[in-house]
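Taken verbatim from TrEMBL:
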- CYS291-CYS296: disulfide bond (DISULFID)
- 138-335: domain 'Peptidase M12B' (DOMAIN)
- 344-436: domain 'Disintegrin' (DOMAIN)
- 1-24: signal peptide (SIGNAL)
Amino acid sequence: MQISIYTQLSFLFFLLIFSNLHEANSLMTYLTNYLFMCTVFQMQCNYHGYVAGFPNSLVTLNTCSGLRGLLQFENISYGIEPLESTAGFEHIIYQIKNENINVPLLEENDTDIWYKNLPYKSHIDLEEKIMVSHLLPRYLEMHVIVDKALYDHMGSDMTVVTQKIIQIIGLVNTMFTQLKMTIVLSSLEFWSDKNKISTIGDANDLLHRFLAWKQKFLVLRPNDMAYLLVYRNRPNYIGATFPGKICNKSYSAGIAMYPKAVTLETFSVIMVQLLGLNLGLTYDDLNMCHCLGATCIMNPEAVHSSGIKVFSSCSLKDFKHFTSKSGVECLQNQPYVTPVYKEDAVCGDGFVEGDEECDCGPKEEYPMCKFKNCCVMETCKLKPSAKCGFGPCCSSSCQFYKRGKLCRPKASEECDFNDFCNGTSHECVPDTFVQNGESCRKKTAFCVNGLCANINDQCKAIFGSGSKGASFACFEEMNGRSDRFGNCGVKKDSFKPCPFEDLLCGKLVCTWPKRTLFFRSDVSVIYTRVYDDICVSLAHRIPVRPGQRDFTFVNDGSPCGPKMVTIRKHYSIFQL
């Protein structure tokens, strides 16, 4: 992906995004005592890369709704984020300063003093070159917990806080790339109501309390390392952890303190230093350890520095030695990304599948379930007196609705019919509609599958009044991209490009006349300026189920040229 940013001073930042952050396709988030599968937090719009013309630069961006992230050069960093409530979706770029932030060092206690006299820690020849190419790819799955105070400090909103944590992990990954190490955020937990353990006291005591809690309550959540992020106004130490114990389940825990007024860039350095200690690294001796053209990450003063940071020759040697030993096999396990949709039926997930006869969802939702009197919660089977346990023609008394009850209102006055229950099934009768190809809208469009399709109406239904179908130039710009925001479908594992004649048949592209940003929890949004128009396109954060209509594409039957309509993302010639 390439993004060009023009500033008021006519500088051109050309951003080449070269890879997605390696994260699970969907993030499991735990809020208080309830489990959320976060369709909100799809990882496919988080990227890292560099600024063209500046080889010693790093970029970490979230592109879900505007651009948010960090531009890092040598000794200087800039933040970028969209300006709210402005026409044209301008962004602001501002310098980030970390020099005056009061950040302490790691607490010197029984959890970390072991590294000071390591037997292999010897003088490193300044000319010695550690061959990074000899390192193997390694993966660390993390479960991150945000305490009540930090959750409130970051905004008290699950979406906002999650985005900030994802940005921190993105910054952490840009630094660990040098070691071919990927930090995978496997799950995220918010103590939004109250803390589950006391977070007062020094970092060392808190670490031992957290470790005891972790071993009791986190045994079923897959992770190699669990970190508790704690907000403190003025902490005495940045955190506490057990160095070198990365794959030891009895010690794989850490505490990271989030000081007041700290930047996300600085906190990401704190996280990397703590994780570095877990991975066998030590703080750098400035007389022995060197970094070319950048701040050394394991230099204690790195938290006060802006710009790119790299691991020193000492850190590379430490890491190579640590990973050559036994006991670190957990880092070799590439995380398995769980498919979004499962073949096997799961009782309690809210979907009736396989041999299930009903499914009211998890235990917490059971009291609100319409069919709770029909369904045995533990088995997802019907109770003896029940005829049905789901469906539009099943009543809350577990009986079929009588023949003639409306179960599917017509979607279009001209092209569709009302459908009714038949009295013998929990399902609505098959959808009936006007024959495909019949003209509608005063012979300016066609009926297809019950709809008199029209791009303007489709845009208005999604984005509200004032929105309409975009210009051809917008469709050409978006559907010529061959990415998730512009394509004509998917073939195998890649997006199909739209041929010129199908540019109006792929992804729906609409105009966006409003000053506020569009938000909907199940989709990501991209805005593009083409000439004088702001064009907007959507992409699902979790793929639609097979057979389900995808509203982010132009509806079948929509006119896409003279005597042409869209049929399954391609043009088809119809005679009006």
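Just so it is clear, glycine is given a Cβ too, placed from its N, Cα and C backbone atoms.
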Mapped DSSP class for CYS296 (disulfide bond), helix or strand or coil:
strand
Tell me which residues of the chain lie with their Cβ under 8 angstroms from that of CYS296 (disulfide bond), as long as they are six or more apart in sequence?
ASP284, LEU286, CYS289, HIS290, ALA302, LYS309, VAL310, PHE311, SER312, SER315
Hey, what's the Cβ neighbour count for CYS291 (disulfide bond) at 10 Å?
20
Secondary structure of CYS291 (disulfide bond) (DSSP, helix/strand/coil)
coil
